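Swiss-Prot lists G15, P16, S17, A18, V19, G20, K21, S22 with the feature ATP binding site. As annotated by Swiss-Prot, domain 'Guanylate kinase-like' applies to 8-188.
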Amino acid sequence: MSGDNQLGRLVILAGPSAVGKSTVVDRLRNDVPNLYFSVSMTTRAPRPGEVDGRDYFYVTAQEFQDKIDCGEMLEWADIHGGLQRSGTPAGPVNEARQNGRPVLVEVDLAGARNIASLIPDAETIFLAPPSWEVLVERLTGRGTESEDVIARRLETAREELAAQSEFKHVIINDDVDTAVKAIEDVLLGA
């Protein structure tokens, strides 16, 4: 890296299910020039229409374990009872930062904690709902999850909301344009 290259800012985004992370991330991908959005690595098979390197990096369980063993993962989790693994590979994030690009990583609470402990200069953002009632309404209004799944997600949301003080920035998503602008400001150091 040359002396005049500035390290790109790393922003970690977390928040409960149905808070609007996907909507905000989609807008940021279109609105922020040169943004690198971290692509997760997974051991699951690609779904129809998914592209390796765009949707996920698809690897075998052994390749994933090798990445962990070599310190090449910023965070990871066993999912579906350990049948699959998913996580954030360090290489692409570090490369984008070294090239001066702002980097956005969307992860869960545990992932945010892990990455922040490894990269202390990371900016952490918790995307919060305007109220608990709004979050419940958004989650149940989707109509895509069973009552059991909704109950589990709401319990997880309570834990996540209780931890929001761990984040450097808490942004209330009561208006998408305002939330996107606030995250852009953090990404670009405004």
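Cβ atoms are placed via backbone N, Cα and C, with glycine included.
The model shown is predicted, which means the values in this text are computed figures rather than measured ones.
Positions of Swiss-Prot features highlighted on the structure.
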| residue | record | Cβ neighbours (10 Å) |
| --- | --- | --- |
| G15 | ATP binding site | 27 |
| P16 | ATP binding site | 26 |
| S17 | ATP binding site | 19 |
| A18 | ATP binding site | 22 |
| V19 | ATP binding site | 26 |
| G20 | ATP binding site | 19 |
| K21 | ATP binding site | 18 |
| S22 | ATP binding site | 10 |
Which are the residues of the chain, G15, P16, S17, A18, V19, G20, K21, S22 excluded, whose CB is within 8 A of where the CB atoms of the ATP site average out, their centroid?
-> L127, P129, R138, N173
Would you mind giving the whole-number mean pLDDT across the domain 'Guanylate kinase-like' (8-188)?
-> 94
S22 (ATP binding site) falls, by three-state DSSP, under helix
